[in-house]
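The domain 'Photolyase/cryptochrome alpha/beta' feature in TrEMBL is assigned to 3-141. Here TrEMBL flags 252-256, 293-300, 391-393 as FAD binding site. For Trp324, Trp378, Trp401, the entry in TrEMBL reads site 'Electron transfer via tryptophanyl radical'. Summarising the annotation, TrEMBL assigns region 'Disordered' to 512-533. Annotated compositional bias 'Basic residues' per TrEMBL: 522-533, in sequence order.
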Amino acid sequence: MVSNSLLWFRKGLRIHDNPALEHARKDATHLYPVFILDPHFLEPDPTDFSPGSARAGLNRIQFLLESLVDLDSSLRKLGSRLLVFRGEPVEVLFRLLKEWGVKKLCFEYDTEPYYQAMDDRVKDHASALGMEVFSPVSHTLFNPVKIIEKNGGAPPLSYQSFLKIAGKPSPPLSTTISWLPPIGNVEDLEILGIPTIKELGYGDIRQDEFSPFRGGESEALKRLREALNDEEWVASFEKPKGNPSLFLKPATTVLSPYLKFGCLSSRYFYQCLQDVYKKVKRHTLPPVSLAGQLLWREFFYTVAYGTPNFDKMKGNRICKQIPWNDDDELLAAWREARTGYPWIDAIMVQLQRWGWMHHLARHSVACFLTRGDLFIHWEKGRDVFERLLIDSDWAINNGNWLWLSCSSFFYQYNRIYSPISFGKKYDPNGNYIRHFVPVLKDMPKEYIYEPWTAPLTVQTKANCIIGRDYPHPVVAHDSASKECKMKIAEAYELNRKMNGLVSEEDLKGLRRKFEEDQHQVSKSRRQKQKLIS
């Protein structure tokens, strides 16, 4: 009896530890591996601030395409290939299920709201047609649904409470796939090759530089092997440590984009780390260890899944309600790497060009935008990261911005990353800045982090006049950070007083107070200047 299976790839772009693939190939006469290019993510948008679609910059799109090429190559070695289509995924899928007489539909479970809504439609349709639907949890170590159930119906809101409930993850599949059932007749359908950036409709769009990190399962496993070979480094890894200014050889694994696209199984990565830990005499522990970082990923996935409006301030029960500034000019200066603070600008240039930067660099620029200096809404920064990062992950990106803006999880708002001294601690010579902000390459190291303090003779010799070749700082850090702390303190007090039930009117009232306070400060400064003159 003919039994046709369809394997729908979205994330999980790999062969190893892929339960959906393993189940799809079992007892199948024909297996159709499908990827659908979704306009929701890939439709070109020439109006956005950087080349790409409305939701993704070219670096992440390129990473996806490279991952698909690698997946197709792996499938071909197993006697199959990747069937690529383009269009609204559910409509395309319904057509394929009918056309191929599919009896078994397999796809990896996804916790993002976008996929949850889509998957409900697909499951209902397939079940109504009498198809078997298999959608295993394999993008994460744990099933967030089960953890929330164990916690009484709500997600655990601290890392330690999450660990107590989660326990040990399931091991990866030990099966090595050596063959796949053939693809059936597909001649009546227009199947695409894996497109290039240009073929997707981006024309001759150019970037100054593309990410040096190539997509695909092969590259993921190669990077993993290289990291694991240095057992001492793996055993002693501590996340708060590490040099954010290293870029040619970053001080971390750079496996996050491969986890994001599922080119690397988190279960396999976790198991490999446990194997190393068993061999060494001592090793770091969660939350700071490499295994601890995987568990942070799980924590954010679980909280994100169980928290309505997790990606917003309004309507998000775990988010402090704060009347952030709405200043498009300051936001653009931050986004476009022209804040006048070389450490911040260098990080933002690396983000634009590579789609990646070290986690401590991310902390620096996120703090600067929100509670540290500019007091701009974390959602605005989140949107920039969501677009430009090759490892942009809905749950983790939102979770980190909630954390770094002191809107949730972390509330020590007095601890601010200095845009001057923090980078200098790791890179006193400013090599990172010289690479990504070359207009400052000849600035003496004494001034590289504060070039506006350099005498005009020094600026002239360095061929970088501040205010002409490189901008003045958009704010004075000392006074701006002091003002931010005062605002956050007042917002926290409002949240406490209202027991978290802060209304839009409450926020408007506090915003008016901030504006009046600022007006009084400005008035006082003008009066002092008058007296001096």
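Every residue, even glycine, has its Cβ placed from backbone N, Cα and C.
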Look at each of the recorded positions, Trp296, Phe300, Trp324, Trp378, Trp401, and point out the one with the fewest other Cβ atoms around it within 10 Å.
Trp296
Restricting the comparison to the recorded sites Trp324, Trp378, Trp401, which residue's C-alpha is spatially nearest the C-alpha of Trp296 (FAD binding site)?
Trp401
Could you tell me the mean pLDDT the prediction assigns to the domain 'Photolyase/cryptochrome alpha/beta' (3-141)?
96
Going by DSSP assignments with H, G and I as helix and E and B as strand, what are the residue counts for the domain 'Photolyase/cryptochrome alpha/beta' (3-141)?
58 helix, 31 strand, 50 coil
Cα-Cα separation of Trp401 (site 'Electron transfer via tryptophanyl radical') and Leu294 (FAD binding site), in Å?
18
Rounded to a whole angstrom, what is the C-alpha distance between Trp324 (site 'Electron transfer via tryptophanyl radical') and Ser392 (FAD binding site)?
23
Count, for each of the binding-site residues Val254, Leu294, the other C-beta atoms lying within 10 angstroms of its own C-beta, and report the residue with the smallest count.
Val254
If you measure Glu298 (FAD binding site) to Trp378 (site 'Electron transfer via tryptophanyl radical') at Cα, how many Å is it?
22
So how many other Cβ atoms are close to Thr252 (FAD binding site), meaning within 10 Å of its Cβ?
19
Relative to the Cα of Trp378 (site 'Electron transfer via tryptophanyl radical'), which of the binding-site residues Thr252, Val254, Leu294, Ser392 has the closest Cα?
Ser392
Cβ neighbours of Glu298 (FAD binding site) where a neighbour is any other Cβ within 10 Å:
22
